[in-house]
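Trainee: What follows is a single structure, and I will ask about it in a moment.
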Amino acid sequence: MSNVPKEAIEVVAQSIGITNLSPDVALALAPDVEYRVREIMQEAIKCMRHSRRTVLTADDVDSALNLRNVEPIYGFTSRDPLRFKRAAGHKDLFYIDDKDVEFKEVIEAPLPRAPLDTLVTSHWLAIEGVQPAIPENASVEAPSDGKKADYKEDGLSADVKLPVKHVLSRELQLYFDKIVELTVNRSVSDVFKQALLSLAIDSGLHPLVPYFTYFIADEVARNLNNFPLMFALMRVARSLLKNEHIHIEPYLHQLMPSIITCLVAKRLGNKFTDNHWGLRNFTAKLVASICKRFGHVYHNLQPRVTRTLLHAFLDPTKTLPQHFGAIRGLAALGPSVVRLLILPNLEVYLQLLEPEMLPVKQKNEIKRHEAWCVYGALLRAAGLCMYDRLKMFPGLLGPPTRPVWKSSRKVVTTNKRKASTDNLMQQPPVKKIASDSAIGMMPINSMQVDMQGAVGGFSTTIGGSNIGASSISRQRTNDNISGREVGGRVLRTSTVLAQAWKEDTDAGNLLASLFELFGESMLSFTPKPELSFFL
Amino acid sequence: MENMQAVNSFVAAYLKKKGFKEAEQLLEDLQNKESAPIDFHNDPELAKFIHHFSQSEDDVARYQYGYSKLRSWTYGSLDLYKHELLRVLYPVFIHSFMDLVAKGHLQEARTFFNAFREDHELMHSRDLQKLEGVLSQSHLEEMEFARSLRQSKVNIKICQYSYDLLLQYLHKTQSTAMLGVINEHINFQVSSGQPTSISDDAEVVTLIGSCQDAANQINQKEIHWGLLEDSLEERLEKAGGLLSDSEKTEGENKEGDVDETKKRSVEGGKQGASTKKLKKDKAINATAKSARPEANTTSTAPRVKPELTLPIMPTEVEQSILEDLRNRVHLSSVALPSVSFYTFLNTHNGLNCSSISHDGSLVAGGFSDSSLKVWDMAKLGQQAGSSTLQGEIDSASSEHVVGPNGGKRSYTLFKGHSGPVYSATFSPLGDFILSSAADTTIRLWSTKLNANLVCYKGHNYPVWDVQFSPVGHYFASASHDRTARIWSMDRIQPLRIMAGHLSDVDCVQWHANCNYVATGSSDKTVRLWDVQSGECVRIFIGHRSMILSLAMSPDGRYMASGDEDGTIMMWDLSSGRCITPLMGHTSCVWTLTFSCEGSLLASGSADCTVKLWDVTTSTKVPRNEEKSGNPNRLRSLKTLPTKSTPVYSLQFSRRNLLFGAGVLSKNM
């Protein structure tokens, strides 16, 4: 009558050594055993549920036995559910395949791999209710119940996308053809200027953007020798970038290579008269404006551009026009880029450049001209950078320093005059450089002396600012202002500029080193104190 | 006359057998006098009954016969009244079975049971499994379920006509066995008019026995389901009302940004698992801002005073919560939440529970090896960049596990329990964790100090569940010892003990206003308790299996409960009625949670899905429509299947980002 037959009870009784079990007892015990087993299983199921599982394990039964204060059954502990096998020839008889294990085998077996430690990973199961198709999510399967069927249909219609035909209106096609024609053939006409203006302000050009992008990239790649066309193309690019109605970001990656090409290409145009310097200048500004505008959207835009340019700049095998382009490009990206990337390499680079600039060593006049152009670009970049630094510290250029600047301007003018005579007389520039450096060296030497005095003067009062102060004092040594006076001046300004001392010292050092390299011409980039009155 | 004689002799024999001495004497006297015939002789029907009774006194087969006749009659009855009559069958069935067992006819009882159990398998499978084990009178005595069934009467609502039909049938067929069972165990509540609809038969599903009346009585009690006075939400609304709309959004933008950066710098990106998430959160906020103005659902809820002394919140915490509330995404049926899912790997079937802190930055797992492990997802986001793909996990983690001591673990291990950890809960601010285990204790851990602070002993059996109150400081626990207890962090003794459930208390949940606690039990009921008095104020009857999860709506009006079969029920706290069952899951509903403004319900189940339910449509249905009985008012909005990962816990962050956690189980 019960699932536990009385024979089972008898077998168990025998196994524990009770031989004289009366059949009545077995009969009475059988249903009770079944009841107890059911009771234990009911508790075990509770434990299973609270372990958040849907498969009963031996652990659960042990916990259930624990609940009843019964000794657990040992020997079955396994985290995994037991694997039952069907007995051959019986429909619903199952057993656990429990093999005999040799003790020796167990001992001699190599240690199993340590189990992996528990991990937690995170992923998006849904973003605003939509499941992203990532490996962590289950593949979309057919929902089972009818209510979800309509969702499924929705999902399907969203998934299957028909190829979209890009329809371009007749007017836009005409417009595009016209612009292309103007760019290629009539890039110096007034009409082209009007066209550029139209590109820069007209709304509704967005459908044409991919075509223009392709056009520019294609033409640049094919016509590096055609200087007017290149210039025209860059102007078109600039106009497109200027246009606020155009969402050009997705096409930037196609546009950038062409633009960078126009900046650092080996040759632009095929005639000597082609003003490729101008084109490079123009493109440098364009690159800078792109970086400024889209830098925050594409974090790697400016670093990539900078890296490309820096490579061009530092590669000695590249031609000088390429270097020129790179320097202009970097300079256009701002003074901080110049300070970080150009200035550290400046000294070495100038050493390489110097022979190119000398008629003695470089006979080719065009090459020499190129070298001077590069020199000019470097000077400009460094100077602007320094100007930017010095501008931040108007206190440096306060009234007491005025005599310094006046005198140094005097020096500059003389120098200029000298330079002009140099040029007139076609004197080798090496001499000029030599004289420049002589002028440059002189104050530095005297500075060394005076710095001691300056340090002695106020080192006790402003601990960390010695260098800055000394650099300033160095500038003043030209006029033989005593270190103590300067010290007093600095002491006063120091309270105001306490925060900026670090920067200040940098600026001071910068000026010093640039002065060493470029000589007096550098000073023309320092802000004029007179001007600062009007600011 | 001969017939009379026979009757007389039988009656005499019966009285003698039953030991009714006086009655026997009286009968003898009467017979001797022969003066007046006893009235039952005049009543042929009664005589027939007694006659019938005498014939089949020992005939156990009449139960089976009578029941099968009743069954076939019921199935053949008119469609309109059929479902009402069908309800009668189940109590008759189980009581007939128990009668048979009680009379010692075990073999017959078993045959009877097996013959008809299929009829009731669908509705009452779990009860039947329990009853199946009843094999002797002593079991009937011992088993609480059976005893409560035997002692009590089942209430069945039935319309007048069905009742008449049933009586007529019983009289006609003279099936006294059935009549006896029905009279003894069923209490008909006859109502005039039309038969009730099928959907309203919730009560008959669960035969909790003893306390049907008591339950009705309890459910009469008044409860104050409103939100707390001066809650943060309320303050926010007030503040929002003062500002003009444009100013408000502007302010939000600014403060939001400041908040974001501040969080990032101060807490090291604690808000989300990675900066990517932060951004996402922000983006969602931006889109949802426009939709917010009409989200004033909570303002209609009445306010109540707290009955507990509430802990005081530090102002900076309050500020950050207010900030979160301001930046909350408004969710609805058209604006579904984003779900960030934490998957546990390599748990070796050892994870019993998981819990996610309110900001989603901490995840705790309770293991069957007595350990509690806490992962800081912000840190995980930094280091686990390489092991995001599941394929790489093996190599990545083998580096991790250099040794239990030396290797760097990705989690904080809390050791202290001496039995499987069954539940863990984070305090609202995320600075404490409570865990409950089979060793009958609850332990309080500090996530700041990474140490055990307090061990709360009080329960006598495994503690299945522990939950922090919405304000922190207080917590509730549920245990196998059939009690739920209320504790406060500073006392090692429970403050209240809630006793009343007939079986294990499996889950516990606080009401939004902290004045009530709901408990779900293996006795298939959910009860609501007054925290102050410790009284049971509501009993919710309707589930057909053990309750596994509970959730309270943020407006305090509704409660959702999920059971072993995958059914979720929405309850109206004030009426104690089930609004509607939510069908959809095919296995245990492990976790339920309402979105912060109460418009969505998210459920996680062992069937490896997260389901999102639209709750607003259901709860706003006017009264009359509710009567007309459309059973599927609550809509399932979306089913999000996971990759063979049963969902153990779900948590909406204060900004309405949904976090989920589960274990990747390969042998599903």
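Including glycine, each Cβ sits where the backbone N, Cα and C put it.
No curator has checked TrEMBL annotations; they are predicted automatically.
The following feature annotations were taken from TrEMBL:
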COMPBIAS  B:245-267  compositional bias 'Basic and acidic residues'
DOMAIN    B:58-186  domain 'TFIID subunit TAF5 NTD2'
REGION    B:240-304  region 'Disordered'
REPEAT    B:344-377  repeat 'WD'
REPEAT    B:414-446  repeat 'WD'
REPEAT    B:456-497  repeat 'WD'
REPEAT    B:498-539  repeat 'WD'
REPEAT    B:540-581  repeat 'WD'
REPEAT    B:582-623  repeat 'WD'
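Show me how these features fit into the shown structure, please.
Mentor: With DSSP states grouped into helix (H, G, I), strand (E, B) and coil, the domain 'TFIID subunit TAF5 NTD2' (B:58-186) comes out at 104 helix, 7 strand, 18 coil.
Per-residue pLDDT, averaged across the repeat 'WD' (B:344-377), gives 90.
If one looks beyond the repeat 'WD' (B:414-446) by at least 6 residues along the same chain, the residues whose Cβ comes under 8 Å of a Cβ in the stretch are 317, 352-359, 361-362, 364-374, 452-457, 459-468, 470-472, 475, 477, 479, 487, 489.
Same-chain residues lying 6+ beyond the ends of the repeat 'WD' (B:456-497) with a Cβ under 8 Å from its Cβ atoms: 308, 310-311, 313, 419, 422-429, 432, 434-444, 503-510, 512, 514, 517, 519, 521, 529, 531, 534.
Proximity of distant same-chain residues to the repeat 'WD' (B:498-539), defined by a Cβ-Cβ separation under 8 Å and at least 6 residues beyond the stretch ends, is recorded for 144-145, 148, 206, 208, 210-211, 214-215, 218-219, 221, 223-228, 304, 306-308, 310, 464-471, 474, 476-480, 482-486, 545-556, 559, 561, 563, 571, 573, 576.
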Trainee: Please report, as numbers and ranges, the same-chain residues at least 6 past the borders of the repeat 'WD' (B:582-623) whose CB is under 8 Å from any CB of it.
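Mentor: Answer is 295, 297-298, 325, 328, 330-333, 336-337, 339, 548-555, 557-558, 560-570, 632-652, 654-656, 658, 660, 662, 668.
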Trainee: With Cβ-Cβ distances below 8 Å as the criterion, list the same-chain residues six or more beyond the ends of the repeat 'WD' (B:344-377) that contact it, or say none.
Mentor: 270-273, 324, 390, 393, 397, 410-426, 428-430, 433, 435, 437, 439, 445, 447, 648-651, 653-654, 657, 659-665
